[in-house]
């Protein structure tokens, strides 16, 4: 490894101005601190100039690694050879000894001691120079005797991307523009070039995270402060080392705790602190206090472990820059005579192959290593891709992270093709994944490395199938790396599309259209008809006017408008007349024509169209098997307009076949799309056949890299966890300050769950707890939490959670992170909490009353007359709801938001009549307008039915959803006075499946009976819809499971 990558890269700090603490005057490992152990003032000055002209003498410690006491200025401490401490410093002691009157014998002793200290100082300087030479810290020594700067010509433009050419410089920073406040220039006040400017452009290194002014970059290069090394120089004179040394960097702000003493780095006023508080390694992320008691000299020498993600990091010792061979005159004249006339094609081919490749990878095989290549598409997900790219550069070697907007993945995969146990992470959409899989096919790597997916943007059906979720929120990159490392390798079928001209049509009858598809291989789906027509219109409009499609919201609105327009025009209504489909020899054309499908999908994975499941889950009585992505079969599904609409609310299409080969003939130009890439294909014959199987990384539910779950003994049987909720306003303002965010949180209740409970199950319990709170809102009891630190009681929150709440991960050291709802089943409660869970409610109304900081609370109950027996733990009986939770009681004053009457009233105002008429006629716009003008949703019509009853009976899903979102929760299970039926009963009688699913998802009771004792499931059975009855029964059984898994105490 070269000199720049071997040791400690620390900022040379300026001389102390006035009294200061010892480590602030000169860092524990600043150049002055390394060589300033002088015994007199003159030797101290000489040592300071020799190593850093701008620094004064700093702290010193002996070779034994002992600690020095703090002094009042630079060079105020000096440690002796045996570790003894002289509080005044050697120079101060010698000066004081010359000034104080003493006896002759005492004076001789002092002179002898001074002579010994001089000798010791000389030996220390020699030893430090040797240590610097061994560790590669030549950048700390002056390049010129007087320390004068040397001009290197005109200033070059700061580099923002990695250099893969033969001119690449090891340890070169990657500068990105930044405007983050609170980060001071890394050079400090003494060396900063624009320290008096109020505002100056700054840049941040994406690799080591230091911030400097743009004008100070040249000064940073003069002091030779290098970034962490990413490769090593080749050549016989550079012996290979199999380990990496630390890359130490000064930090003015640092999260976490000191590796040595275990204490935090918090300061009283740390936002604009100019003091160096920590020294951290850019590789392993270990951090130490900037004190000689914590950071010691041997830390420079010791190898770096590369931290928690060492198994996926490509060490810089593996990446070698090969020097270009220089042709000498003697070598050119000494040409050996050829004794053979065999062709040298292989050698010439190798030379051509290696031409232009100054880098090679020489890995060291280890069964514990799973090196990771990260490919990021910055154009996916707005600006998410750019942020993800920078975060991976911080955690990994930048030369294993590639920006796909700069170049494709082929060169990187070719470079790393011989690395064993290689894994790939594709950060982007499904198109990015398909691009990488196609390159892997082209290179024919053996074995093929598995590919994981970090979903960016929208859609992401393949990522959903592999448990990576529908999109990236703000999950810590550290956890993503653990998930990729521990993920399960599964297979993904890939299918060929072979297109030929339709032989049944003469050339003169061929219509306009392209003669080939955009892709000849698909991983997700291949479709034709309505969905492809809508996608094609969007792509054609975006290509014609790209400036009108720069907003995700506008894109969605255009999709909706195009779909509605196509629905009215019925442009795909005759699709079944112009296609012929043969699956494994079975002709499906008659069935397609009978059912008049307007869309046909050949589906490889269970997900389609941003998460829907068109194949569904066929039962045992069907002739089809559940869908899999590795069984070598493709599913053929037909859609009418009705089934396409039902797809968004849990429905499925018409299952046609599961086959290994498809022959498709089209007799007119038809819109088609391959994995989201649309075109209008001329009449053709298309053959679909299995191509191969790709290795993919599936996100595992249990993460073996988490030490908490490694040991089965560490998982308790039961967890008692307090639930706190946080508003979006507090989260956005305080999510980097965990303590203040805890103070701003509001207690919600206490759950007692199983030790292996996941978040999906926990969500059900929290929602049920909210329902229990509302059902007893008329009680006269008030419950408080008592803070153990302040002893002040805190009333729990009475505000109902909105449907959009999500869990927060509170275990990270730096901040809270949101957890995607689609990935809740992959997280355990123990992974995101320590005795308490935090949830984020974006619609929560922030209270003006400031809360006290919550500790681990005790339950305190204010006794009320008539209820003391219920609240006595020894006498009270367990009151169970459907989910098995104890029903708490609260005082009316705590539930003032829900204290108004829930009794249905007849329409009074004109707006009330307008709302009732809008619901009966199905006019959503009129309903929204009347409600905004003051109309009530708690009105009744003829037959004493609520608005939700009418909406459920008519089957208008949009109106049902609007009432659920804006109306009180009591409407869900409210029964009419004549039949005792709830809204779910009405929808089940009318066999409105979509409405039933909306009501069930909103929390409607599945076991409430009508006046005849019938449940909604029994009503659906009587109405002749066994599928709907089976669905309601399965949802009822799913909720009953919670009885044995949950105990709630309030």
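Just so you know, glycine gets a Cβ as well, placed from its N, Cα and C.
Copied over from Swiss-Prot, here are the features:
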| type | residues | note |
| --- | --- | --- |
| REGION | 52-73 | region 'Disordered' |
| REGION | 325-356 | region 'Disordered' |
| COMPBIAS | 332-347 | compositional bias 'Basic residues' |
| DOMAIN | 367-502 | domain 'DAGKc' |
| REPEAT | 943-972 | repeat 'ANK 1' |
| REPEAT | 979-1008 | repeat 'ANK 2' |
Confidence summary (mean pLDDT) of the domain 'DAGKc' (367-502): 91
DSSP residue counts for the repeat 'ANK 2' (979-1008), split into helix, strand and coil: 17 helix, 0 strand, 13 coil
Secondary structure composition of the domain 'DAGKc' (367-502) [DSSP: H/G/I, E/B, coil]: 50 helix, 33 strand, 53 coil
DSSP-derived helix, strand and coil totals, residue by residue, for the repeat 'ANK 1' (943-972): 21 helix, 1 strand, 8 coil
